[in-house]
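Asks: Let me begin by handing over the structure; questions about it come next.
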Amino acid sequence: MIKNINNRNFFKLFIKQQSKATNLHFNQTFNASNISRDVYERNKDIIERHESVSCNAERLLLVAKNAINAFIYNAQGQHLSNLGCLTSYSTLQEVRERMMKDEVGRQILLEKPRINHDSANIEYLLSLPKNTFGYHYGRFMGDRDFSSEERPKVTYMPDFELAYIYQRYKEIHDFIHTLLGFDVTVYDEIVVKWYEMVQLGFPSTGLSSFVGPLKFSQEEITRFNTEDLPMIIQQAKQSQFIMNIYFEKEFETNIHDLRKRLGLTLDPKLKYE
């Protein structure tokens with residue numbers, strides 16, 4: 001089925017998105033002066049890590065550099081993160097528009113919460129009933145010794161709110177793993193990336209979705225094409241827009257009820273009850 005999906009359309013879309021970036025005001029001020037003190041303190045790391053890109057030629061050089069480094073040093077997530085920042089500007093604008101049209105999405109943009117030890121304390125989550133979303137997320141993170149603060153930070157984004165949106169996308173990635181019930185193997189990660197690509201359309205998720213399966217065994221390719229790929233595409237199309245979910249407020253929600261409310265009908269592989 002991978003071969004039947006029109007790769008040409010993906011690359012046409014990618015080129016179209018990057019051509020839009022030539023219209024960016026590269027020297028625009030990274031303005032975070034009109035936000036509240038609480039929002040500033042929560043997102044100080046994003047503001048302080050901002051790096052300006054002076055022109056499109058510099059941006060394209062950085063795209064090439066980070067694409068090569070992401071391939072060579074694939075264990076270092078910062079290169080792929082930088083690539084996402086450099087190629088997702090127009091897509092992030094579309095994501096922001098969708099969030100602004102949704103009540104919860106607007107609340108998230110107003111408050112700009114972060115996923116960290118304070119907002120997602122593993123000890124607290126593991127104390128919740130075993131059928132809650134928070135307990136499942138706590139198990140997912142705790143069993144793998146993951147930290148919610150390990151995600152690479154956003155750079156090169158000329159707009160503070162878009163930088164925040166991209167940072168939040170990265171920080172909710174493990175929530176998506178938990179809801180979909182997929183592990184962190186190469187195979188399972190690609191399934192989750194397909195879900196994110198269909199939902200969000202970020203070029204970096206598209207790159208992972210199409211290149212990742214090249215690492216599959218023949219058996220995995222067959223299973224992916226016939227079972228998991230059609231299933232995850234359908235789940236992504238029918239479920240609620242993930243950027244409009246205030247995950248932190250759902251920790252005490254029954255995970256089965258949450259999946260149902262969000263439109264997820266899959267049978268998760270990971271079960272903690």
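For all residues, glycine too, the Cβ spot is worked out from N, Cα and C.
The Zn(2+) binding site annotation in TrEMBL covers HIS173, ASP174, HIS177, GLU189.
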Asks: Using Cβ atoms only, which residues of the same chain lie under 8 Å from HIS173 (Zn(2+) binding site) while being at least 6 residues apart in sequence?
Replies: ARG151, VAL192, GLU196
Asks: What is the number of other Cβ atoms found within 10 Å of the Cβ of GLU189 (Zn(2+) binding site)?
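Replies: A count of 16.
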Asks: Taking the centroid of the Cβ atoms of HIS173, ASP174, HIS177, GLU189 as the Zn(2+) site, which other residues of that chain lie with their Cβ within 8 Å of it, listed in sequence order?
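Replies: After dropping the recorded site residues, what remains is PHE175, ILE176, PHE182, VAL184, VAL192.
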Asks: With every protein chain in view, how many other Cβ atoms are within 10 Å of the Cβ of HIS177 (Zn(2+) binding site)?
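Replies: HIS177 (Zn(2+) binding site): 24 neighbouring Cβ atoms within 10 Å.
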Asks: List the same-chain residues at least 6 positions away in sequence whose Cβ sits under 8 Å from the Cβ of ASP174 (Zn(2+) binding site), in sequence order, or say none.
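Replies: Listed in sequence order, they are TYR137, PHE140, MET141, PHE146, SER148.
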Asks: According to DSSP, which of helix, strand or coil covers ASP174 (Zn(2+) binding site)?
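Replies: Helix, per DSSP.
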